[in-house]
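Student: Annotations for this protein, taken from TrEMBL, read as follows:
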BINDING   B:Cys148, B:Cys151, B:His152  heme c binding site
SIGNAL    B:1-26  signal peptide
Number of protein chains: 2
Amino acid sequence: MKARFKKILAPSLAVVMLAASIGALAQQAPKPENLIKWRQSAFQVAAWNTGRIKASVDGQYNKDEVQRAANAIAAIANSGLAGLFAPGTEQGKGWHDTSAKPEAFKDPKKFGELNAAFGNEATALASVAAGGDLAAIKAQFGKLQRTCKSCHDDFKAKE
Amino acid sequence: MKARFKKILAPSLAVVMLAASIGALAQQAPKPENLIKWRQSAFQVAAWNTGRIKASVDGQYNKDEVQRAANAIAAIANSGLAGLFAPGTEQGKGWHDTSAKPEAFKDPKKFGELNAAFGNEATALASVAAGGDLAAIKAQFGKLQRTCKSCHDDFKAKE
């Protein structure tokens, strides 16, 4: 009786474990529309913080404001954005239809290089923002913005 | 002749400077729909990174993945989110109709306290994530999630 119970139980356990594995996989693979929504969100947060820095360095400079904004951009730039451009997200809708060009998915090496440049210049901006030297901040902010533009030129469709 | 020229020029310069000030003010005061869009984006980026941490600590732990995600949440939590809940944004549409409750705008002291708790627990998570102690990360991740819930309970409408 005990042996028979085990026999019945064993496949059931296997099924449960398989279901759990599939569940874990599902958790690790978000839906394409979520990936697109998250990348659109990440770039919007970058845009918000870019605007805050521009307003502050062109107007009444506020060190704390610029530093918080620069930290946010740096953390997003270094968060692993490439993971949001996974296969299956070449087309589709997050908050709106993706504005990523097909080229963004065809040249992962170049995409990775531009993403790394974004991360490096954003990290450098967060570092000079902590120092509070306005001229140095403006110069580094210019370098950061050029990384945005170079990536948009190659990989983002005009809206 | 020179004096007369100065007389004419002086008011013109004043007008130009006034226009420039208004321009600067306009730049510093984004539209309510943009503020709502940015806060919806910021919380989406937090949700993306919360999901990454959960998948990693519940599944195959990846120190680098968790650290990048924790850094992103910390930088967003400390970015000055309260500024995105400015007067005039009590109602309105960003990506979608705001889900902020009216209470979020009526008790700025409590809002500030909950925002500070979010920032503090997120900073602590980024710190333990850098250490790589999985048990400590799980414990601190739980504390961070409780700050999300307590703020949502008070200030976010059910969707």
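Backbone N, Cα and C atoms are what each Cβ position is placed from, and that goes for glycine too.
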Student: Same chain, not part of B:Cys148, B:Cys151, B:His152: whose C-beta falls within 8 angstroms of the C-beta centre of the heme c site? Give them in sequence order.
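Tutor: Checked against the 8 Å cutoff, the neighbours are B:Leu114, B:Phe118, B:Thr147, B:Lys149, B:Ser150, B:Asp153, B:Phe155, B:Lys156.
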Student: Output the one of B:Cys151, B:His152 that, of all these binding-site residues, has the highest number of other Cβ atoms within 10 Å of its Cβ.
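Tutor: The residue with the densest Cβ neighbourhood is B:Cys151.
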Student: Looking only at DSSP and grouping its letters into three states, which state does B:Cys151 (heme c binding site) belong to?
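Tutor: Going by the DSSP assignment, B:Cys151 (heme c binding site) falls within a helical segment, counted as helix.
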Student: So for B:Cys148 (heme c binding site), how many other CB atoms are inside 10 Å of its CB?
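Tutor: The answer is 21.
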